[in-house]
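J.: Pasting the relevant annotations from Swiss-Prot:
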type     : residues                     : note
ACT_SITE : 156                          : active site, proton acceptor
ACT_SITE : 275                          : active site, proton acceptor
BINDING  : 104, 154, 158, 276, 308, 360 : substrate binding site
BINDING  : 182, 184, 185                : Mg(2+) binding site
MOD_RES  : 182                          : N6-carboxylysine
SITE     : 315                          : site 'Transition state stabilizer'
C-alpha cells in the first residue's frame, strides 16, 4: 500500500474531501503503511493487485494519505490525513459518503484502533446538499421569537403515560412559558400510547396554550417509525393537524430516511428536531469510532433544524472547547481551523442554513447563567427534571425556567458578567417570582 497510497508531497486540491483519522497501528506495523492502508481501503484499493486496475486511472480516483503527525502524549498513535477525489462520491448522499470513508476500513487487521476525527467538505460537494429544512433564521421568523435562547422540556416519565395525561403535561409546560415540549426518543407508537392519539392530544395542548399565552408553541412529535412509509404517514398527519415541528432519531433511523424526511419538512413547512440516540455507541471511545463533530457535520448536510449537542456545564474545560467547536460547525457559515477546539480543517458551508444546537441532560435553573453565556441566543435549552421536578408542579417549573432565562438575557444585555454574577442574577430574579 505504501508505494501507491502514501504521498507526502501531494498538493491537496480545493475539491478534495479531507479526512483526519486517529490511528493506532499494531506493534511492528509502520505508521506510513497503516496510513496508506486506510487511504486504500476507503477508496480504490483491495488486498492484492488486480488486472482491472489497468482499465482505470488509479491516479485520478485513489485516496491519498498525504500527512502523518504523532499524537502528543501517546506512544504509538498518529493523525493520518487522507485526501479523497470528489468524483468518488455521489452528489447529495451522506449515506454514500460515510459508506465510502468509514464503511470498510475499521476492521482492518493492521490497525489496533481507528477513529475518524474530522472531515473537510469542500464547497463543490457541500453545494450538492440541501442542508436543514429551514435553518435558524427562518425558525425564528416562524416562531416570532428573537433575542433569547429557546426553552424546551422533555415529558417524563418517558414511557407509560396515556395520551391524555401526556397531553396534559405538555399543556402545563407550554402554558407556564416554555416554547417547546418534546417526545422522548423512544416514544414511537407503543401499546400504552399509539402515535395518532398522542399527536391529537399534544395538538390540543399546543392550541390551548397558544390561545392563552399569545405565543407560538410547539411539541416535537416523534415521527420515527419502523418503515419509511410509516414515518411519512406520521409526518403527513402532523402537517395536516397544523403543528409546527416534528422529530426524528437520525442515527437509528438512518441517513437516507433522515434526508427524505428533511425534504418532506421543507416542502410542508415543518421544522425538524433531530435526536442523536445511539451516538455514544459510535463516538464515546477516544481511540475508536467516529467523533461527534463528524456526525454533526453530516447531519447538517442531511438536514435538521435542531440537533442535541451536549450541555458543556459541569464538564472538563477542554471538553468545553471541543463542544463549542462542533456547536460552531452546526450553526456558523464559515469556521476556521482551530486544533485547540478539535477543528482539523477550515470549513466553508457556502450559505447552507444553520442547525440550532440543543443543550439537554441534567440542566436546571442554576445552570442558566452558564448556558446563556456559553451558547448565546441561537440555542434551545432542553430541560426535563429541571422543569417537571418543581415541587409545585409542571407549570410553575416552566415559569421558573422562563424567568431565569429572561433574567440572564437581560443581565447579559446590561453588560454584567454572567460567569461571575450568575448566581446573584438568579437570586435577584427570585424576589419577583415565587416559582423560581
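Glycine too: its Cβ is placed from the backbone N, Cα and C atoms.
Small disclaimer: the values here were computed from a predicted structure and weren't measured.
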J.: Closest of the recorded positions to residue 275 (active site, proton acceptor), Cα to Cα, picking from 104, 156, 185, 360?
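T.: So, of the listed recorded positions, the one sitting closest to residue 275 (active site, proton acceptor) is 185.
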J.: Indicate the candidate from 158, 182, 275, 276, 308 with the smallest number of other Cβ atoms within 10 Å of its Cβ, considering only these recorded positions.
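T.: Each of the recorded positions 158, 182, 275, 276, 308 was scored; lowest Cβ tally within 10 Å is 158.
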J.: Tell me, by DSSP, whether residue 276 (substrate binding site) is helix, strand or coil?
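T.: Looking at the DSSP assignment, residue 276 (substrate binding site) belongs to neither helix nor strand, so coil.
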J.: What recorded positions among 104, 156, 276, 308, 360 are found with a C-alpha within 10 angstroms of that of residue 184 (Mg(2+) binding site)?
T.: 156
J.: Three states by DSSP: which one describes residue 185 (Mg(2+) binding site)?
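T.: The residue in question, residue 185 (Mg(2+) binding site), is coil (DSSP, three-state).
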J.: Using a 10 Å radius around its CB, how many other CB atoms surround residue 154 (substrate binding site)?
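T.: Other Cβ atoms found within 10 Å: 24.
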J.: Measuring Cα to Cα, how many angstrom lie between residue 154 (substrate binding site) and residue 182 (Mg(2+) binding site)?
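T.: Cα-Cα, rounded: 5 Å.
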J.: Output the one of 104, 360 that, of all these binding-site residues, has the highest number of other Cβ atoms within 10 Å of its Cβ.
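T.: Answer by Cβ density within 10 Å: 360.
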J.: Neighbourhood of the Mg(2+) site (182, 184, 185): other residues with Cβ within 8 Å of the Cβ centroid, in order?
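T.: Neighbours within 8 Å of the Cβ centroid, excluding 182, 184, 185: 154, 155, 158, 183, 186, 187, 220, 222, 247, 275.
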J.: In whole Å, how far is residue 276 (substrate binding site) from residue 185 (Mg(2+) binding site) when you measure between their Cα atoms?
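T.: One finds 9 Å between the Cα atoms of these residues.
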J.: What does DSSP say about residue 154 (substrate binding site): helix, strand or coil?
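T.: Note: residue 154 (substrate binding site) is in a strand by DSSP.
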J.: Using a Cβ-Cβ cut-off under 8 angstroms and a sequence gap of six or more, which residues of the chain neighbour residue 156 (active site, proton acceptor)?
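T.: Listed in sequence order, they are 184, 384, 385, 388.
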J.: Among 184, 185, the binding-site residues in question, whose Cβ has the most other Cβ atoms within 10 Å in this structure?
T.: 185
